Structure formats: C-alpha cells, structure tokens
C-alpha cells in the first residue's frame with residue numbers, strides 16, 4: 001500500500017521546492033578572465049543519473065560520477081536505479097578527454113570549430129561507459145573504460161638485447177624442416193604480467209560518423225532500439241546505425257529546391273524514449289512535428305503537428321523570431337514534449353495538437369526590450385530546457401546566469417542564480433512588481449555596463465552572462481547548469 | 001633474464017611480443033599463436049598458454065579478433081578433441097567484449113570447437129558456458145549466448161534440453177532489444193535442432209512473441225525466421241502457423257518489415273506449397289508490388305522473376321503482369337530500374353506469345369526510359385530476351401537506345417554501355433554491328449574521359465576476339481591506325497594502347513606487317529610519354545613476334561630509345577631490352 005503511494009507522481013499543486021547549492025566545478029576566482037575554450041556548451045546526465053558529461057567550446061568532454069551511490073553496483077542497479085538515500089546526490093570529477101579538434105574543410109574553405117554541440121549517453125556495457133559527442137559536422141562514439149595498469153616482469157629475452165623483431169624480413173620463423181619436440185622447448189616461457197591495483201581511465205574513440213551534414217548539427221538522439229541514432233542539422237535529419245560509420249540514411253529533408261524559398265529550419269530533434277518509430281523535431285517557425293519512421297523511408301510527412309498561433313493583433317517584426325524553438329525534450333514516459341522558445345516554455349501532450357497543456361512565461365519582462373535584444377543578437381540565443389524525472393517540474397535558463405524552475409500546473413517560478421548562493425536574486429514576475437533591491441541585484445558584467453539593461457523595477461539583466469545549458473537528474477531533484485566555464489549543481 | 005638458444009630466438013621474440021607495446025607486434029604474435037603452441041608443446045599450451053590468453057584479454061579489438069579466430073582452430077595444439085574444453089574459457093571471455101565483430105568471431109570459434117567435442121564433453125563443458133553467458137549481467141554476453149544454443153542442444157539429455165529451451169524463450173523476452181534481436185536472428189538455427197513436437201509448441205510460441213515485438217528491428221528479424229521455420233515444419237503446419245504471420249507481416253505498419261517480406265516471400269512460397277501460395281501469398285505479393293513505399297516496391301519488383309517462376313504461367317499473367325505494367329511507369333526511377341534488371345527473366349516463364357503480346361511493350365517502354373540506369377539494366381539482360389523473341393523484333397527500338405546511351409553526358413553511363421558492346425555484338429551478329437555500331441566504337445577512342453578511351457581500346461580487343469582476326473583486319477585495324485596521327489598526344493596514347501591489346505589477338509603475321517611499323521614510327525614522337533609507352537608496348541610485343549623480327553626491327557628501336565634524353569624513356573627502354581635479351585637467351 002505504502003509502496004504504491006510513493007510511486008505516484010506528486011500532485012500538480014506541489015509546493016515550490018527549496019533549492020540549495022550543492023556543488024560547483026571550475027568556479028571562477030574573482031577577477032579571473034574566462035577563457036573562451038573553457039565555456040561549457042553541453043550538459044547531459046546518463047539514463048540512470050550515475051554519470052554526468054559536459055562538453056566545452058575547446059572540444060573537451062568532462063565526465064563526473066556520482067559518489068553517494070555504491071561503487072560496485074550491478075547492472076540492474078545501473079539500469080533502473082532508485083536511490084532512496086536521504087542525503088543529496090554528489091558528483092566528483094572522473095576524467096576528461098579531447099573529443100574534437102579544430103579542423104578546416106578545404107573543399108568549402110570553412111573552419112570547423114571543435115565546440116561540442118551535444119552529448120548523448122549510450123547503453124553501458126561491460127562496465128565501460130559509451131557516449132556520442134558532436135561538433136558542427138562530425139559525431140564521435142566514445143568508450144571510457146577503467147584499465148588496470150599492468151607491468152611485464154619477465155620475458156625470454158633481455159629487452160635491451162633484442163635487436164630485431166618477430167615480423168618483417170629480419171627474422172624468419174622456423175619453417176617446415178624445423179622439428180618441434182613433443183614436449184616443447186622447456187627453455188621458452190610466457191611473459192609474466194603483474195597487474196597492480198592501480199587503474200587508469202582510458203577514453204577510446206570507437207567510431208567517427210562524418211561527412212553527412214552540409215549544415216551545422218544541432219542535435220543527436222539515440223533510439224530505444226539500442227542500435228540506431230539520428231543527427232539533425234538545419235535542413236536534414238540523418239539516421240545512423242551505431243556500428244556503421246560509413247553510411248547514413250536521410251530521413252527528413254526540408255531543403256527547398258531553391259534556397260531562396262527557405263522559410264523554416266530544423267532547430268532540434270529527438271527520438272521518443274520508448275516508441276522506436278517516433279521522432280519529434282522542432283522548427284524555427286515554432287512548430288513541432290512528430291514523424292513515424294514506419295510510414296516511409298523518407299519521413300517528409302508528419303503525423304502530428306504542434307504549433308500555437310499568435311493572436312492576430314499581436315503580430316510584430318519579432319513574432320517569428322521569438323517563436324523559434326531552441327530545444328525540445330520528451331518526458332521520461334514519452335507522453336509529453338517540453339519546448340523552449342525565446343519567451344516561454346511550453347508543455348505539449350503528444351496526443352493533443354490543439355495547443356500546449358501548459359505555457360510557462362520565462363522572459364515576459366523582456367518583451368519591451370526586443371529591439372535591443374535584436375540589435376545585440378541576444379534574441380537568437382538558444383536556451384535549453386529540461387524536465388524533472390517525474391515530469392512534475394520544468395526548468396530553463398535565462399540571462400544574468402539565472403535559471404527558472406516551474407511547477408507543473410502553476411505559473412509560479414523559482415528563480416535561481418548560478419552561484420554559491422542561488423536564492424540571492426529573486427526576480428519578480430512582471431505581474432507582481434516588488435520593490436527593487438538594486439544593491440543586491442547588481443551583477444558586475446564582464447564587459448561593463450553596455451550589455452546591461454535595467455527594467456522598470458530597477459532590475460538589471462546582463463546579456464553576456466546567459467545560462468543556456470542545463471540538465472535535470474533523471475531520478476533526483478538535482479539540476480546541473482553551466483554558467484560560462486563553471487558547472488553548478490543545485491538540489492532540493 | 002633467461003638465455004635462449006639460437007634457433008629458438010625467433011620464437012622467443014614472438015612469445016615476448018605477445019605483450020609488446022606496439023599493437024602490430026602483438027597482432028603478429030597472436031597470428032603466430034600456433035607456432036608458439038607447438039614450441040611450448042601440448043601440455044604447456046594447455047596449462048600455461050591458454051590460461052595466459054584468458055587472463056590477458058583487455059587488448060585492442062584487432063588483437064582480440066585475431067585471438068578469437070586463432071583459437072577456433074586450436075584443438076590440434078592442445079592435444080586433440082579430448083582436451084578441446086580448455087579452449088572454452090578464453091573464448092567465453094571474448095564473448096563479453098562490446099565490439100560486435102570480436103564477439104561474433106568468438107561465437108563462431110566456440111561453435112566450431114563445440115561441434116567437434118564429444119557429446120559427454122559438450123554436456124560437461126559447453127552447456128555450462130552457454131548457460132553462464134545467457135545469464136550474464138551485461139547484454140553483450142547474453143547476445144553472444146544466442147548463437148551457441150544450436151551446438152549445445154543436440155547433445156544435451158532430456159532435462160537439460162527443456163532447460164535450454166526455457167532459457168532461449170527468456171532471451172526472446174529480454175529487456176534489451178539487442179538481445180531479442182540476437183535471439184530472433186538465431187531462432188532458425190536453434191529450431192533446426194529442436195525435436196518436431198517441441199518445434200510446434202514451444203518454439204512456435206517463442207516465435208509468435210517475437211512477431212509481436214514492439215521494436216521494429218526485432219520484428220524485421222522475425223520475418224527471416226518465417227522462411228527458416230517454414231522449411232522445418234510440415235507443409236500443413238506451415239500453412240497453419242507461418243502463413244497467417246506472413247500475411248500479417250505483409251501488411252505491417254512498418255515499411256521495413258514489409259520490405260523484408262518482399263525480399264523473402266518467394267522462399268516462403270516454396271515452403272507452403274502451391275495451393276496456399278495461390279490463395280494467400282499471391283494477393284500479399286500483389287499488395288507489396290503496389291506498396292506506398294518505394295523501397296518496398298523496389299524489393300518486390302526485384303523479385304518478380306523469382307516469384308513468377310514458382311507460379312503457373314496463367315497465374316503470373318493474370319495477377320503479376322498487370323502490376324509489372326504499372327511498375328514500368330512507376331514514379332520512382334529506382335523501382336523501374338529494379339524491374340528492368342529482372343523483367344527479361346519473365347520471358348521464359350510466360351512463353352513466347354505472352355511475352356510478345358504483353359511483356360514486349362513494357363520492355364520497349366523501359367528501353368526508352370528517361371533514366372539511363374533503367375535502359376542499361378534492360379540492355380544488360382539482352383541475351384535472355386533474344387532467346388525468346390529474337391533480335392529482329394527488337395533492333396528497331398534497341399538501336400536508338402544504344403546510340404543515346406553511347407552519347408550520354410555522364411561518362412559512367414557511356415562506360416556502362418561500352419561494357420555491354422561485346423554482348424550486344426554477339427547477340428546482334430556481324431551484319432547489324434557493322435552497319436550501326438562500328439562507328440560508335442571508333443568514336444569512343446576519342447572521348448574526353450580517359451576511362452572511356454581505355455574501355456574503348458579494351459572493347460576493340462573483345463570485338464576482335466568475338467568476330468575473329470579477319471573481320472578485325474577489315475573493320476578495326478585500318479580505322480585505328482588512321483588515328484595514330486591525332487594531334488593530341490593523349491589520343492595517340494589510346495591508339496598505342498589499343499594496338500598493344502589487339503596484337504595478341506591478331507597474331508604474329510598481322511602484328512609484324514601492320515601494327516609494328518606504326519609502333520616503330522611512333523617511337524619518334526616528340527612527347528616522352530608516348531615514347532616510354534612505346535617501349536612498354538614493344539616489350540609486350542616481343543613474345544608475339546618472331547625472333548628475327550625482334551632482332552631486326554624492335555631491338556634497334558629500343559636501343560635508340562635507351563639513349564633518349566628523358567629518364568623515364570631510358571628506364572622503360574632498358575627494361576624492354578632486358579626482357580628482349582632474356583627471351584633470346586631462352587630460345
């Protein structure tokens with residue numbers, strides 16, 4: 001009886017969580033300049049939440065592992081872990097590796113940045129971790145494994161005396177005339193290998209999936225069948241088999257015959273977490289399409305379309321720009337899709353295309369500032385979104401290193417700042433202006449004041465410090481978010 | 001460090017390098033594993049080498065793959081079949097590796113060893129391996145286990161057999177789709193070893209679960225199981241159990257499943273027999289031929305001949321031919337192309353009348369298709385239609401198609417048609433060829449693309465072989481030799497190439513009278529590339545010509561070339577002179 005109670009999702013009218021600072025990695029010391037290459041560009045928890053990966057603009061992938069879980073957990077634990085420990089999850093640095101290097105495409109005279117756009121975890125096997133990482137053009141499949149350090153202590157020949165080697169024309173092995181005694185040669189012995197208890201982590205690039213995208217890859221997503229994944233760029237979505245890097249199949253192509261007719265690009269794509277044949281992709285016009293891979297080889301026709309039409313009177317120059325969806329995420333059970341556009345977070349029921357089941361205002365207070373935002377290009381910032389494992393809460397990032405957490409069924413938001421003191425700033429919702437606290441809310445921008453906008457309430461927003469990337473732990477109330485080069489974690 | 005006798009030194013190095021830092025050295029040592037085993041002797045191989053390999057299996061995939069392969073043929077080196085079981089532990093650990101090709105090879109080697117083991121040893125050693133793998137913690141291990149059941153099962157006693165069937169059933173319902181896929185694709189092999197009574201009950205129920213799997217990728221593989229199981233079951237059981245599955249698969253929501261059915265359907269027809277084929281499978285096939293998805297139609301169209309062969313002509317004409325007609329104007333060029341590559345095979349099935357009345361119009365429309373691939377596929381199968389209706393009926397439509405392809409702006413298309421010219425020539429006969437195609441063959445020698453010129457030269461040789469030296473003397477040689485004075489050296493090179501190819505076919509007399517003088521004249525060319533190619537051609541001509549001719553004409557020319565200012569010309573000329581001398585010596 002009690003067990004079934006605890007499994008049910010919390011009621012929609014749950015009270016806002018009390019978020020507390022948990023950890024920070026790569027914290028910036030006062031006055032320290034942020035190196036461009038250190039800026040975090042991707043965050044992803046694995047399916048069980050036992051590991052976290054971040055990618056940065058320098059093409060590195062950093063892995064963190066959970067420390068409060070048992071180290072020698074079995075596969076079953078890892079696959080569907082359900083931690084009931086009372087203390088909050090903590091992570092520690094595990095390893096890092098250089099995933100991508102800067103390249104130059106000589107045919108197109110284009111520089112290819114090493115920046116990691118997305119990371120996705122794959123199925124764990126044999127205790128090794130597997131993940132996909134991508135920059136603008138090339139996807140790589142990585143295996144990260146602990147290896148015991150081994151030493152060879154005994155050989156037949158003194159290492160310093162070996163002049164030639166066993167292959168090549170230098171030495172010829174005994175041929176047919178050479179007779180082997182029945183008992184073998186007693187003097188020969190196998191090398192003795194001593195393995196120490198020390199281990200080191202080795203990251204191996206197992207496969208490189210390249211040359212399939214003319215435009216920049218914005219998403220990758222693995223299929224529930226465990227053997228395929230997709231990669232999406234502005235105009236096309238390709239389907240790959242994890243084991244085959246030499247070919248991929250184009251399944252969605254929105255490129256018009258004449259590029260001048262182009263009105264809409266793909267901004268994000270994700271596989272349904274359970275149904276292997278369902279794929280969702282979002283567009284710059286604010287629509288989300290569901291396609292069924294079973295229907296045909298080329299999935300140009302969607303079977304479900306989600307879009308919200310702006311009220312006719314409110315159309316402006318910015319309407320289309322702010323409608324562009326920067327990120328979509330399926331809920332864990334695949335029933336809902338969370339989308340982020342410039343102004344809002346929207347939650348859609350995949351069976352209901354008449355409109356979102358919930359809309360959460362994120363940037364409503366910026367509406368009067370759209371002109372400025374357009375001029376400094378901030379209006380094109382691509383904020384990610386995430387949903388709690390039980391689907392009851394959603395979160396997304398904002399400017400001034402702030403992020404907001406919404407309770408489903410309520411428009412109330414908790415606003416937190418990515419710093420050691422997350423509750424330092426309480427940004428008011430525009431409906432309820434509160435007294436300004438300029439001395440506290442003032443954030444010192446790196447580039448001085450020109451990037452700051454002060455709204456009517458005296459709150460200022462720093463458009464150079466934006467919190468684009470964040471992820472919610474799959475089973476716990478733990479959010480990892482990136483503020484420039486620092487990874488902050490908060491729990492509730 | 002131990003001292004090693006001189007003759008053993010290479011083996012000692014080989015053994016040490018099992019643990020070398022360089023992967024190439026380790027790989028080399030693994031490849032020489034049999035030599036190491038022989039040097040150690042059977043007993044030490046069993047007691048030392050095999051355990052050593054079992055413990056040191058954290059190497060690169062390449063090395064592990066080689067190890068898995070070597071161990072498969074290692075029974076000889078561990079003391080014969082009686083000791084074969086010592087090989088199981090290292091292979092068992094290789095079955096856990098996450099790289100698929102290593103696991104597959106380890107499974108293959110395990111099967112090979114298991115198949116040679118004594119029945120009692122299989123029960124004592126092999127079955128426990130299978131059970132351990134099937135209960136493995138990681139999915140990789142369970143995937144590997146699926147490929148071993150068909151070896152373990154036949155030797156097992158009754159009780160163990162039932163246990164193995166149960167385990168296999170569980171694998172088919174594993175949480176991980178990868179395991180279910182492995183179980184589905186190995187089901188046919190396993191089922192072939194299971195007794196008929198259990199086949200109809202347990203195996204069929206496993207199979208039914210797989211055919212209803214949520215994952216498309218699993219159902220896909222279950223389609224392959226249909227054909228495999230169909231062949232094992234009695235025809236009436238096949239009709240009762242397999243046929244409904246196929247019919248429902250043919251209407252599956254996933255086009256990939258229907259694609260698999262389209263590919264496999266004719267095999268299933270053989271399994272179920274003629275009556276159900278007529279009633280159930282022909283309608284299913286017709287639906288696939290008219291599928292919404294082009295990929296499915298491609299697969300179905302590609303099998304149309306094979307399918308018709310197992311039907312009566314009436315059925316084929318009544319049900320299949322109308323679909324074929326529709327497919328010949330399909331909106332997808334790939335469908336038409338697939339159809340074009342097999343459609344001629346239908347001619348013998350339908351008989352002459354139906355072919356002329358019904359098939360020929362389709363055939364002719366495909367021959368005029370706007371896509372070159374479709375036309376090429378028709379032409380490539382020309383011999384088949386010729387046998388049925390004769391070339392006269394065709395030549396009117398054929399010639400424009402050939403001429404158009406010969407002048408296509410894509411060089412790959414031109415290349416493809418050149419490849420078919422000898423076939424066409426043999427089918428059309430000398431007369432037709434002279435009138436229509438001779439000029440084309442010459443034209444290709446002056447194509448802008450090297451590959452075409454090269455193919456054209458080769459084509460002349462094949463034509464000369466087909467029609468004989470006399471014909472070639474009249475219709476090829478004069479025209480070719482005329483072109484040797486082309487102002488562009490690359491075209492002259494093609495002619496030189498053609499001459500060297502024609503010479504062996506034409507024989508000594510024509511070569512020395514007609515071809516050699518042209519070659520000798522060309523040796524005075526101002527372009528060094530021509531000159532060193534002449535040296536190469538002369539070298540090739542030496543065995544054909546008679547020795548006095550070589551002495552009199554070839555040698556002086558080569559001597560002159562060997563003093564050329566250009567280094568490459570000198571090099572090839574001196575090479576030719578060397579082989580000249582060798583041949584003279586041996587005479």
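Glycine is no exception: its Cβ is also placed from the backbone N, Cα and C atoms.
Quick look at what TrEMBL lists:
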- B:10-48: repeat 'HEAT' (REPEAT)
- B:164-202: repeat 'HEAT' (REPEAT)
- B:203-241: repeat 'HEAT' (REPEAT)
- B:242-280: repeat 'HEAT' (REPEAT)
- B:281-319: repeat 'HEAT' (REPEAT)
- B:320-358: repeat 'HEAT' (REPEAT)
- B:358-519: domain 'Phosphatase 2A Regulatory Subunit A helical' (DOMAIN)
- B:359-397: repeat 'HEAT' (REPEAT)
- B:398-436: repeat 'HEAT' (REPEAT)
- B:437-475: repeat 'HEAT' (REPEAT)
- B:476-514: repeat 'HEAT' (REPEAT)
- B:515-553: repeat 'HEAT' (REPEAT)
- B:554-587: repeat 'HEAT' (REPEAT)
Report task. For the repeat 'HEAT' (B:515-553), find every same-chain residue at least 6 residues outside the stretch whose CB is under 8 Å from a CB in it, and list them. Result -> 477, 481, 484, 489, 492-493, 496-497, 499-500, 502-504, 506-508, 560-561, 564, 566, 568-569, 571-573, 575-576, 579-580, 583-584, 587
Query - the repeat 'HEAT' (B:320-358), counted residue by residue under DSSP: helix, strand, coil - result: 33 helix, 0 strand, 6 coil
Requested in this report: With a Cβ cut-off under 8 Å, give me the same-chain residues at least six positions beyond the ends of the repeat 'HEAT' (B:320-358) that come close to it.
Outcome: 282, 285-286, 289-290, 294, 297-299, 301-309, 311, 313, 365-366, 369, 371, 373-375, 377-378, 380-382, 384-385, 387-389, 393
Query raised in the report: Is the repeat 'HEAT' (B:242-280) packed against any residues at least 6 beyond its ends, judged by a Cβ distance under 8 Å, and which are they?
Result: 207-208, 211, 216, 219-220, 222-224, 226-227, 229-231, 233, 235, 287-288, 291-293, 295-296, 299-300, 302-303, 306-307, 309-311, 315
Report task. Helix, strand, coil: count each for the residues of the repeat 'HEAT' (B:437-475), based on DSSP. Result -> 34 helix, 0 strand, 5 coil
Requested in this report: Grab the pLDDT values for the domain 'Phosphatase 2A Regulatory Subunit A helical' (B:358-519) and give me their mean, rounded.
Outcome: 85
Report task. For the repeat 'HEAT' (B:10-48), find every same-chain residue at least 6 residues outside the stretch whose CB is under 8 Å from a CB in it, and list them. Result -> 4, 56, 59-60, 62-63, 66-67, 70-71, 73-74, 76-79, 83, 86
Query raised in the report: Near the repeat 'HEAT' (B:164-202), which residues from the same chain, at least 6 beyond its ends, have a CB less than 8 A from one of its CBs?
Result: 127, 130-131, 134-135, 139, 142-147, 149-150, 152-154, 156, 209-210, 213, 215, 217-218, 221-222, 224-225, 227-229, 232-233, 237, 241
Query raised in the report: By a Cβ-Cβ criterion of under 8 Å, what residues six or more beyond either terminus of the repeat 'HEAT' (B:437-475) are in contact with it?
Result: 402-403, 406, 411, 414-415, 418-419, 421-422, 424-426, 428, 430, 483, 486, 490-491, 494-495, 497-498, 501-502, 505-507, 510, 514
Query - Secondary structure composition of the repeat 'HEAT' (B:359-397) [DSSP: H/G/I, E/B, coil] - result: 32 helix, 0 strand, 7 coil
Report summary line: Taking DSSP helix as H, G and I and strand as E and B, the repeat 'HEAT' (B:164-202) has 30 helix, 0 strand, 9 coil
